[in-house]
Each structure stands twice: as C-alpha cells, then as structure tokens.
Amino acid sequence: MERKYNVAVVGAGHAGCEASLACARMGLKTLIITLNADSMARMPCNPAVGGIAKGQMVREIDAMGGEIGRITDRAVLQFKMLNSSRGPAVWSPRAQCDKELYSVLMSKSVQNQQNLEILQSEATSLTVKNGKVCGVKILTGETIEADAVVITTGTFLKGTIHLGKMHFNGGRFNEVSALYLSKSLIEDCGLKLGRFKTTTTPRINSRSIDYSKMTEQFGDEKPVPFSYSTKVEEWRKNLKQLSCWLTYTNPITHKIVSDNLGLSSIYIGEVNSKSPRYCPSIEEKIERYPEKTSHHVFVEPEGYNTNEVYLNGLYTGLPFNLQQQMINSIVGLENAKVIRYGYAIEYDYSSPLQIKKTLETKTVKNLFLGGQINGTTGYEEAAAQGFVAGVNAGLKVLGKTPFILERNESYIGILVDDITTKGMDEPYRMFTSRAEYRLSIRNDNADLRLMDAGHSIGLISDKAYKKFELYRKAFTDICENNAENLPDDEDLSPWSIEKAKEEVYIHKKYEGYIEIQNKMINKMKKSKDRKIPEDFDYNKLKSLSAETKQRLFEVRPQTIGQASRICAIKPSDIAILTVYLEKQKKERKQKKHNKIK
C-alpha cells in the first residue's frame with residue numbers, strides 16, 4: 001500500500017504531538033510515527049507543566065491554538081502561580097499533573113484529530129533528493145513519502161540508559177531507543193550531532209512515607225487555568241487539588257552520596273556528555289556546593305489513581321542499592337520503598353546553529369527539527385518548538401509565508417532566537433531572565449499578543465476569534481475609560497469583563513516601566529560596539545551569576561555586541577555590564593575634569 005503524506009512527524013512526545021496536531025488542523029494530511037503508540041506524550045521526568053518562564057510559553061502555545069494548555073487543565077492535580085509575591089511580569093503558572101491522565105488525554109486528542117494518522121514503527125533513515133527531504137524509511141523497509149518531515153525524537157535518538165555501572169540502550173526505562181536515524185541525519189542530511197545527558201529521580205510508594213514530618217505545600221485557593229478556552233468557575237468547582245510536601249537532604253544523605261560518587265554513572269566515565277545546569281543530579285549538587293548541609297526535596301504525587309510519588313530534587317545516576325540508602329536517610333522517608341529507580345540517560349542532539357528560525361534545517365529543505373533534538377530541555381520548550389516546527393512545515397507545504405515570532409512578541413520567540421543564534425554547549429532551559437521584554441510579554445496577556453497569529457495560521461476558529469475580538473474591544477474601552485456599553489460575560493465567554501479589568505490594571509501598572517524597558521533595550525542596541533577592557537574583572541559585577549562570569553572570563557569578549565552573542569549570556573547580564581561600563585566612563589571623565597581644574 002502506498003503511503004503519501006503532506007507532513008510526516010517522527011516522534012510522539014510533547015514536541016511531536018504539537019507538531020502533528022498543528023499540521024493536521026491546517027488541513028494537511030499528516031502522519032505521526034512513534035516507537036510505541038501506547039506511550040505518546042509521556043512525562044518520564046517531572047509530572048508537571050509550567051514553571052518560571054515555562055508557564056508563559058504554555059499560555060503562548062494555547063493562545064495560538066496549540067494543545068498543551070488544554071490537556072494540562074484537564075489533568076491537573078495541583079495549581080500554583082509561582083512568583084506571586086513579586087510583580088505580574090514574572091508570575092509563572094505551574095501545574096502538577098496526573099501523568100497517566102495527561103498521556104491518555106493527549107493521545108486521545110491525536111487519535112481523534114481529522115487528517116492525522118498514527119503509525120507504530122521506527123524511522124531508520126530519511127530520503128533526500130536534490131537537497132530536499134521527500135520521505136522517511138521505516139524498520140519494515142517501507143518508505144513513507146512526505147512533502148515535509150519534522151523530527152521530534154526527544155531522548156530516543158541513540159538513547160543510552162545508565163544506572164550505576166549498568167548501561168543499556170533505551171529512550172526511556174523499559175522502552176527501546178532509535179538506533180539508526182542518527183546515521184542518516186549525519187550522512188544523508190549533513191548534520192553534526194553531539195551528546196547530551198539528563199537524569200531522573202526514583203519514584204517511591206506513598207504508603208511508605210511519613211508525611212507528618214514534612215511541610216505540606218498547598219495549591220492556590222483560586223487557581224487559574226492555562227487555556228483561554230477553559231471556563232474558570234466551572235473548572236475550579238470540579239478541581240480536586242492534591243498537596244505536595246517538602247523535606248530536605250541532610251549531612252548523612254550527603255555523606256552517602258559523596259562517599260560513592262565513583263559509583264555514579266555520571267562520574268565513572270560512562271557518561272561524558274553535558275547535563276542541564278539548572279536541573280542537576282544530587283551528585284552534582286553535593287559536589288558543586290560542598291558548603292551546603294541540605295537541599296530541598298519536593299515530594300510530589302504522580303496521579304489520582306497511583307501510589308507512585310516523585311522526589312523532585314533527587315535526580316541521580318547512583319546504583320539502585322545506594323539510591324535506597326540515600327532516600328532512607330531523609331526525614332519522612334526513613335521507611336520509604338522504591339517503586340522505580342532513578343537513572344541517567346544520554347542521547348544524540350543536533351546543534352541548533354544548523355537550523356533557521358523556522359526550525360527548518362539549513363542543509364536539507366523541508367526538514368524541520370523540534371524539541372530535545374535541538375539541545376533544549378523541558379516539556380514546555382519541546383512543545384513550543386514542536387508547534388513552531390509543525391506550523392512552518394505546514395506553511396512550507398502550502399507555499400505560504402514562514403511563521404517567525406520575534407523576541408519582543410513572545411518567550412517562544414526568545415527561545416528560538418537564542419538557540420538558533422547562540423547555539424549551546426549544555427541543554428538549554430528558558431528563564432524570565434532571558435527575556436529583555438519580560439514586562440510586556442507576560443503570562444496574563446498571551447492571548448492579546450498572539451491570538452491574531454493563531455487565527456491567521458488557521459488554528460484559532462472564526463467563532464473563538466470573534467469572541468476574542470469582543471474581549472479585546474472591552475479591554476481597549478476600559479483602558480480608555482469608555483466602559484458604558486460593555487458586552488455581557490455570556491457574549492465574551494470564555495473571557496469575562498473581570499478578566500478584562502484585571503488585564504487593564506496590570507497594563508496600566510506597567511505602562512511607564514515598559515517605556516523605560518524599551519529605552520534601555522534601545523540603549524543596549526546602540527552600545528553593541530562599546531569596547532570592553534581586555535583585563536576587565538567580571539567579579540566586580542556582583543549581580544552576575546557564577547555561570548555568566550565563567551562564560552565571560554572564558555571568552556573575554558572585546559565588545560558588548562560580542563558578549564551578547566556568547567552562549568547562555570542573557571539580556572539582563574548585558575544590561576548590567578553596559579550600565580557598569582557607562583558608570584566607569586563617567587567616573588573617568590569626572591576625574592579628568594577634576595584634574596584640569
């Protein structure tokens with residue numbers, strides 16, 4: 001049987017699901033190829049969606065017609081707005097999820113989507129003719145013809161699992177890895193691949209935990225859903241939130257770990273690749289911060305119908321017997337029983353300097369990459385790239401203008417710009433500090449910023465868009481003190497007048513600050529040619545992180561512009577450096593003036 005599609009998506013994780021749904025909803029005949037049709041959109045690490053800057057990206061995907069926000073709202077166990085004690089610009093929604101329910105709901109969404117088919121198989125190579133991809137070869141030897149291909153392989157690309165000194169092939173524990181595709185990406189597509197690693201935590205039985213010794217962490221009293229389409233009051237009524245719990249490691253825990261570093265797969269030479277700096281294993285934390293006597297361990301439920309509990313903060317590559325000892329040394333976990341052991345996983349990734357801002361490869365036309373294959377880490381970063389790659393694959397097939405989000409429009413735009421411009425030498429994670437426009441690209445205004453784009457692509461229906469236009473007009477009228485003939489909530493639903501008023505309050509609060517922000521950004525752009533002294537001591541800049549100082553000392557940039565292009569250097573770092581150099585210049589000028597006097 002001949003199989004021919006407009007778009008073929010390889011991989012059915014968070015990136016692959018968003019990519020395939022976007023293409024199918026754009027009216028394109030789409031195929032998603034997965035190693036296991038029963039494990040789509042799994043949460044193999046933390047069973048949560050959102051967080052600092054990540055929650056903003058989920059809202060952005062939702063505002064443009066993506067799926068992750070809607071599914072999260074239906075699978076949520078607990079909701080918290082992070083940074084709520086600070087200004088709204090950095091408020092970040094986060095939801096603890098029922099991991100099985102999330103996977104089931106996303107899988108159902110993919111299965112029920114018109115124009116979208118699923119095939120369980122392994123993609124072994126790509127067919128490339130005259131510099132353009134035209135198909136995917138699968139394990140059976142069959143070739144799937146496709147006008148465009150999106151690769152979203154996650155940790156499965158030559159994935160290797162390490163547990164102490166044990167190591168074996170796998171994309172996740174008990175799941176096979178994709179062994180053949182890497183060779184084709186190198187030989188047929190001319191891509192350079194590297195290796196990254198990450199670790200996950202042990203899961204324990206909730207019945208073996210003494211919660212009375214821990215601090216209970218409640219969800220928000222008035223949770224706010226991720227998706228604009230979720231009706232807030234109805235959702236809150238039906239939401240049964242579960243608590244998370246907080247405990248800590250201690251000197252005994254640290255001694256068990258430090259005495260056995262040589263047995264961890266992270267240190268015995270089995271895993272030589274870089275891991276996420278901001279999601280370190282417990283081994284790395286204890287080695288990196290020997291002065292600390294404790295580290296947080298968040299004890300998080302994994303679902304309504306399971307006793308499995310996730311130990312957030314105990315990512316590890318230690319042998320299983322030492323994992324048990326380590327866990328039992330922690331207060332409240334003295335009698336804890338392990339259900340699944342933590343492990344390290346290594347996988348292939350492609351340097352994102354080899355892709356355009358559309359996420360199309362520079363070496364092969366109509367081939368797009370999304371998610372961890374681009375060197376990022378996190379479900380949200382993956383979903384965002386999957387969405388962008390899927391949309392652009394669809395637009396390329398349709399012969400339409402590419403879809404590119406800019407840094408001043410969205411966190412997704414910042415993510416794509418960062419990875420395609422600066423590249424990386426360790427897994428990339430999104431933070432609010434990476435966003436110079438964070439005062440204007442908040443989580444609360446994602447719909448106002450991006451729903452026009454979603455509608456123009458064809459992922460927001462005309463019906464939903466008409467409601468949105470009514471809401472936007474209400475927002476504008478309230479802003480301009482013209483609130484006499486506002487529509488009823490019934491006409492605005494799922495938006496409301498209350499939501500519009502809240503948005504106006506935040507908008508007015510930040511109006512002046514946004515002007516200052518934009519002036520500062522323009523000043524930074526103008527100062528890109530400013531020289532940095534060769535012997536400049538970055539330790540003088542107390543506001544810079546240790547990572548930033550390390551990068552600047554390593555590269556020794558000659559100008560502000562060069563410094564801004566260094567991997568992992570954030571706009572906030574450049575602002576600090578620019579202000580300091582400006583201050584130094586003024587001081588020198590003043591000294592010179594005083595001498596003349």
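Cβ coordinates come from backbone N, Cα and C, glycine included.
If you look up Swiss-Prot, you'll see GLY11, ALA12, GLY13, HIS14, ALA15, GLY16 marked as FAD binding site. Around GLY13 (FAD binding site), the same-chain residues six or more apart in sequence whose CB sits under 8 Å from its CB are MET40, ALA41, ARG42, THR152, GLY154, GLY371, ALA382, listed in sequence order.
Positions annotated as NAD(+) binding site by Swiss-Prot, on the basis of sequence analysis: 275-289. Secondary structure at LYS285 (NAD(+) binding site), as computed by DSSP, is helix.
According to DSSP, GLY11 (FAD binding site) is assigned to coil rather than to any helix or strand. Between the binding-site residues GLU283, GLU287, GLU283 has the most other Cβ atoms inside 10 Å of its own Cβ, all protein chains included. Taking the binding-site residues HIS14, ARG277, LYS285 in turn and counting surrounding C-beta atoms within 10 angstroms, the largest count is reached at HIS14.
The least crowded of the binding-site residues ALA12, ALA15, judged by other CB atoms within 10 A of its own CB, is ALA12. According to DSSP, SER275 (NAD(+) binding site) sits in a coil region rather than a helix or strand.
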